[in-house]
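Structure record follows, encoded as structure tokens.
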Amino acid sequence: QIDPKDYTFSGLKDETVGRLPGKVAGQQFVIQDCENCSIYIFDHSATITIDDCVNCQIFLGPIKGSVFFRDCKDCKCIVACQQFRTRDCRKLEVFLCCATQPIIESSTGMKFGCFQYYYPELALQFKDAGLSIFNNTWSNIHDFTPGENNWGLLPETAVVQDYVPLPSSEELKAVRISTDATKSIIPITRGRRQKSSDESCLAVFFAGDYTTANARKLIDEMTGKGFQLVQTKEVVMKAEDAHRVFKQCASEFIPLLEKGPVVALEFNGDGAVEGCRSTINEVFSGTKVFVSESKASASQDVDNFYNFADMQMGM
């Protein structure tokens, strides 16, 4: 028998509270009427609603469905979810991983950054919540309220721990957290920030045992060389999509599509295409990877792929 009290934080003031990995296990959770609290959900959940909270710091592990903030103000949050919504909120600062376009309504002073966080159980929690670490549209905000500038992006230099500090309670200290950007379970992307160069490159990995590891390795190699990761996507492709995106190379990749979704990465920076091609030749010699041929074709590759992916994801 499930006791709703185990899945609710209500009416708390000046407290640090949380749930350890394994304690929520995919249930719904409710947070309401909390003030000056630090709240940590180190587990995956079905949906979470957060109502009437003021001046709280909140960490929410992967949410299979939606997270909905209503009538909250002056909160700082780290959130991973399928859908993100706010209504009647003021001054929320959110490090976000969201699989679909985040939606704000009647909300002002909203600031967004890319989710960055790590603890050992987090990767499996993403899986259990049915979320891909590569599908993160954190900066592509849809504002339902016409007119004003109701939202913006957090500074690029924003440090997660300055917003949501590590938990201070003995119980929650057991979770082995790292907020080091290079350890983050979610690749840190530039999203809608201004690109530094007019040269981008598309790299696409096909489904297999090491797809995630390979994609992460390429990200490490490329960012280590000073290139920027703009966006990532994991999506199922069919043969006709391959023709649209891979053009004359489509036939060599079509047989690989049956194994499962592809993982695509967009890198940006002067020399990105050459940098990406040489890294793939050196590091992934035995792996079939689609990489843009030239600077001239690369921006078209990026557009073709992400237009197709956005349609797939129903953006």
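Heads up, the Cβ atoms here are built off N, Cα and C, so glycines get one too.
Copied over from TrEMBL:
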DOMAIN    1-146  domain 'C-CAP/cofactor C-like'
BINDING   G65, S66, Q82, Q83, F84, R85  GTP binding site
Give me the count of other Cβ atoms within 10 A of the Cβ belonging to G65 (GTP binding site).
15
Give me the sequence-ordered set of same-chain residues, not including G65, S66, Q82, Q83, F84, R85, with a C-beta within 8 angstroms of the centroid of the GTP site's C-beta atoms.
T47, I63, V67, F68, C81, C98, T100
Long-range neighbours only, meaning 6 or more apart in sequence with Cβ under 8 Å: which ones does Q83 (GTP binding site) have?
G65, S66, V67, C98, A99, T100, P102, I103
Using DSSP, how many residues in the domain 'C-CAP/cofactor C-like' (1-146) fall into helix, strand and coil?
11 helix, 73 strand, 62 coil
Are there any residues in the same chain, six or more apart in sequence, whose C-beta is under 8 angstroms from the C-beta of Q82 (GTP binding site), and if so which?
I63, K64, G65, S66, C98, A99, T100, A129, G130, L131
If you count the C-beta atoms lying within 10 Å of each candidate's C-beta, which of the binding-site residues S66, F84, R85 ends up with the smallest number?
S66
GTP site residues G65, S66, Q82, Q83, F84, R85: biggest Cα-Cα distance, Å?
11
Mean pLDDT across the domain 'C-CAP/cofactor C-like' (1-146), rounded to an integer, is what?
97
